[in-house]
Amino acid sequence: MSCVQKQPKRSRSEEFLHHATAQKTIQISAKLLGMEGDPDLQFLLKGGDLLKVLSPSWKKTRFLRLQDDCKTMWRESKKTFKSCQTFPVADIQEVRMGRQSEGLKKNAEEQAECRCFSIVFKGRRKNLDLIASSEEESKQWIKSLQKLVSNVNNLNRMQTTEHWIFSCLRKADKNKDDKLSPSEVKSFLRLINIEMDDDYADMLFKKCDKSNSGYLDGEEIAHLYDLLTNREEIDVIYGEYAKTTGFMSADNLVGFLMKEQREKATLADAQKIIEKYEPDEQAKEKKLLSKDGFLMYLHNVEAMILNPEHSEVYQDMQQPLNHYFISSSHNTYLTEDQLKGPSSTEGYVRALLKGCRCVELDCWDGSDNEPVIYHGYTLTSKILFKDAIKAIKENAFKTSDYPVILSLENHCSLEQQVVMAQHMSSILGSALVTSPLGDNMPTNFPSPEELKGKFLIKGKRLQKLEATFANKAADADSVDVTEEEESNDESAEEEQKEKRKKKLKLAKELSDMVIYCKSVHFHSFKDARKTLSFYEMSSFKEGRAVKLADESANDYIRHNVEKLSRVYPAGSRTNSSNYDPVPLWNAGCQIVALNFQTGCKEMDVNQGRFVVNGNCGYVLKPSYMRDRSTEFDPITLTRGEWLKHKILHIMIISAQQLPKVNKKKSSIVDPLVRVQIFGVPADVAEKETSPVDNNGFNPAWNENFQFDVYVPDLALVRFVIEDYDSTSDNEFVGQYTLPFNSLKMGYRHVPLLNKNGDLLPSAGLFIHAMVLDEE
C-alpha cells in the first residue's frame with residue numbers, strides 16, 4: 001500500500017492552528033510572511049521614534065512599531081493622554097524615499113531630504129510624512145517597510161486568510177493563555193463575521209471540547225477552525241474528480257480542467273499545476289493533487305474569473321490612438337468635492353498609478369509669476385503648475401508605458417502661459433511630443449506603441465498643424481475660441497452664452513506644443529467632417545454627449561472613427577459624483593473623463609473596462625467601431641458583425657471572509673449578491689440572490705441566473721455584494737467588474753474590491769460561469 005493512499009494526518013490549516021496555540025504570535029506571523037529571523041522584521045517589531053510632519057511648525061515625535069501580528073503598524077504620541085493609532089500594512093500603497101510627497105516638499109527643510117520618507121496609503125487616506133533622526137535610520141525604515149509590504153502583498157489567498165483568522169483568534173483570547181473559553185469562542189465568531197444564537201454556539205463548542213475541560217486548546221481549536229472553514233462545495237467538486245485513491249491524478253485534473261473549466265489542458269499542464277500547488281511532498285512525488293492543493297490552485301490568480309491572458313497587454317497596440325478607449329480623469333487635482341475641497345499633486349499620482357492616461361490641469365495665474373492649478377471661481381485650494389508636472393513626470397509610466405495626455409484648461413495670461421511652456425519643456429524634456437512623428441504632415445494619429453513613454457498636450461493652438469509644414473507659421477498671439485469647460489448652469493440661456501466667442505490670448509510657445517490634440521468647438525457632425533482635421537478634437541459636457549449618443553449614435557461612432565472626443569461631468573456635480581460612462585463608450589467616445597477621487601458604481605465600471613490589456617489604460621475598440629462606413633448603432637441594434645448572441649449562466653455559490661460594514665463588534669453582515677450586465681441597452685440587466693442572515697464569514701447561496709448578451713464586445717459583468725437592510729438602503733461590501741469577453745468559464749473565485757477599487761485581501765466570491773451560443 002502506497003504511503004500516499006490516505007490524506008495527510010493534518011491539513012495545512014490544522015497544522016497552522018495546531019502550532020499557533022503553542023508558539024508565540026510573532027513566530028507564526030513571521031513564518032506566514034516568510035520572514036522568520038529576518039533583521040528587517042525585527043527592526044520594525046522593535047520600532048522607534050520618528051517626527052511626524054503636518055506643517056512647517058507642526059513636527060511631533062511619534063513612536064512607530066509593528067505589532068506582534070506582523071500585519072498592523074502601531075503609533076503613539078509621547079504624551080500619555082494621547083491615544084495610540086493603528087493601520088494595516090495591507091493599506092500601504094508604497095513607501096517613498098526623500099521629500100517626494102506634497103507635504104514634505106512644503107513642510108520639511110531641504111537639508112532634511114536624506115532623513116525624510118512618506119508612507120502612502122491606498123484610497124483617499126492622507127500620507128504619513130515622517131523624518132528619521134539620521135539618513136541611516138531613514139534608509140532602514142524604508143527598506144524594512146518596503147520588504148514587509150511586498151511580502152504581505154505576495155501572500156496567496158489561503159495564506160492571507162490564515163493570517164487574518166489567526167489574528168482574530170489571538171484577539172479573542174483575552175487572557176492570552178492560548179485557550180478559548182465559551183465566551184471567547186463567541187467573541188471569535190463575531191470577529192470573523194459570524195453571528196450564532198447561543199444554543200448553536202454552545203453546541204459547536206461542546207462538539208470541539210473533546211476533553212470536556214470547559215475550554216478549547218491545541219487540536220480542539222484546530223477542529224473548530226476546520227468546522228468553520230470546511231467548504232462543502234469544494235469537497236463535492238474535488239470528490240467528483242478525485243478518483244485515484246482519494247486524490248486527483250494528473251489525468252483526473254485534466255478531466256476537470258477540460259470538462260468544468262472549458263480549458264485546453266494537457267497532461268503536462270496538469271503536472272505543472274501539481275508541482276506548483278501541492279503542499280504535501282509525498283503526494284507531489286506521486287504526481288497527485290490533494291484537496292488542499294486543489295483549493296490552493298483555485299485561489300491562484302491564473303485560475304480566477306479574469307482570463308489571465310488578458311491581464312497582460314494582449315491587444316494590437318499599433319492602431320491609431322483614436323481607435324482605443326482611454327482611461328481618463330476629470331479635474332484630476334481635486335481629492336474631494338468641486339467647490340471647497342483640497343487640490344493636491346497626490347490626485348495625479350493616484351490616478352496615474354491606477355492606469356489613468358489622460359489627466360486634467362486647470363491653469364490660472366498665480367503669484368510670483370508661477371501658474372497655479374485649482375477649480376476656478378471656487379474655494380478649492382491651489383497647487384503650483386510646476387509641482388503637478390513634476391508629479392506627473394515621476395509617476396506617469398509606473399503602471400503603464402503608454403502615452404499620457406495632459407488636458408490643459410488654460411486661463412492664464414500670456415506671460416504665465418510662457419512659464420507653463422517652459423516648465424513642461426524643462427521637466428518633461430524629450431518625452432514631450434512637440435512635433436509630429438515623421439517628416440511629412442500626418443494624415444492620422446500615431447499608435448500607442450509609437451508613443452510609448454511620451455506626453456501629448458491637449459489644448460488650444462494658434463493655427464492649423466498643416467501651416468507648419470507649409471511654412472505659413474503666423475505671428476499671431478491670439479485666437480478666437482469658445483470656452484468648453486465648465487458651466488454649472490445647463491439652461492438654454494447658458495448654452496447661448498457658451499456659443500458667444502471671446503478672444504483668448506495664446507502664447508506661441510504653448511500653442512506649438514499642441515500637436516495631436518487641438519481643442520476646437522463642436523458645431524455638428526457634418527461640420528466636423530467638412531472642416532476639421534483629424535487632430536482637432538472637441539470636449540462634450542455629459543448632457544450634450546448623452547443626447548448625441550442617444551439620438552445620433554451612428555453619426556457619433558463614425559465621428560470617433562476619425563477623431564478624438566472627450567466627455568466631462570456636468571458642472572452641477574459639485575460633490576464630484578459621476579455619470580454613466582457606458583453609453584459614451586457605446587458611441588465610440590475615447591476620453592470619457594470621470595472623477596477618480598469618488599468611489600462609486602461608475603468608477604467600478606470604469607476600472608472594470610480597463611482592468612484588461614495589462615491595465616495599460618488603453619483598450620482597443622471593436623473593429624466595427626473603427627470602420628468609417630460602419631452601420632453599428634447600439635440603440636437600434638440592426639444586424640451586423642456586432643450581433644453575437646450569447647447566453648450567460650451564472651451560479652452564485654458562496655463567499656468567504658467578507659469584511660464588516662459596521663465596525664461595531666456586534667455588527668454582522670447579511671450579504672446578498674447582485675449580478676449586473678452593462679453594455680448596449682438590450683444587454684443591460686440585473687439579478688440578485690436572497691440575503692443570508694448573520695454570516696459574512698462563509699455564506700452560501702447556490703442560486704442560478706441567466707442573461708442574454710447580444711453585443712459581448714461592449715458588455716461588462718459586475719458582481720457586487722451588499723449588506724441587506726430591510727428598513728434602509730443596502731450597504732456596499734465589495735465588488736468586481738470585468739469585460740464579458742474576459743470572463744473565464746467554470747468554477748471560479750472572484751476577487752473583491754473595496755469602494756476605492758483596492759483589493760480586499762482575504763475576501764472573495766465563488767461562482768460557476770458558463771457562456772453558450774444561442775442555438
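Heads up, residue numbers simply count up from 1 along the chain you see.
Backbone N, Cα and C define each Cβ position, glycine as well.
Per TrEMBL, substrate binding site is recorded for 52-79, LYS458, LYS460, SER539, ARG566. Annotation source TrEMBL lists domain 'EF-hand' at 160-195, 196-231. Taken from TrEMBL, the feature O-linked glycosylation site applies to SER211. What TrEMBL records for HIS330, HIS375 is active site. Here TrEMBL flags 510-626 as domain 'PI-PLC Y-box'. Annotation source TrEMBL lists domain 'C2' at 629-754. What TrEMBL lists as Ca(2+) 5 binding site is ASP723, TYR724, ASP725.
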Determine the Cβ neighbour count for SER211 (O-linked glycosylation site): the number of other Cβ atoms within 10 Å of its Cβ. 12
Of all the binding-site residues given, ASP68, ASP723, ASP725, which has the fewest Cβ neighbours within 10 Å once its own Cβ is left out? ASP725
Measuring Cα to Cα, how far is HIS375 (active site) from LEU64 (substrate binding site) in Å? 37
Between SER211 (O-linked glycosylation site) and LYS52 (substrate binding site): CA-CA distance (Å): 52
Secondary structure content of the domain 'C2' (629-754), with strand meaning DSSP E or B: 9 helix, 60 strand, 57 coil
Rounded to the nearest Å - Cα separation of LYS60 (substrate binding site) and TYR724 (Ca(2+) 5 binding site): 43
Sorry to bug you, but what's the C-alpha spacing from SER211 (O-linked glycosylation site) to ASP68 (substrate binding site), rounded to the closest Å? 30
When the Cα of PRO56 (substrate binding site) is compared with the Cα of each of the recorded positions SER211, HIS330, ASP723, TYR724, ASP725, which one is closest? HIS330
Report the nearest neighbour of ASP725 (Ca(2+) 5 binding site) in space among the recorded positions THR72, GLU76, SER211, HIS330, LYS458, comparing Cα positions. THR72
Tally every other Cβ atom lying within 10 Å of the Cβ atom of GLU76 (substrate binding site). 16
Among the recorded positions LYS52, LYS60, HIS330, HIS375, LYS458, whose Cβ has the fewest other Cβ atoms within 10 Å? LYS60
Cβ atoms other than its own within 10 Å of the Cβ of THR72 (substrate binding site), all chains, total 16
Going along the chain, which residues six or more apart from LEU64 (substrate binding site) have their CB under 8 A from its CB? GLY47, GLY48, ASP49, LEU50, MET73, TRP74, ARG75, LEU130
With DSSP, how much of the domain 'PI-PLC Y-box' (510-626) is helix, how much strand and how much coil, in residues? 50 helix, 20 strand, 47 coil
On a simple 10 Å Cβ count over all chains shown, which one of the binding-site residues PRO56, TYR724 is most densely packed? TYR724
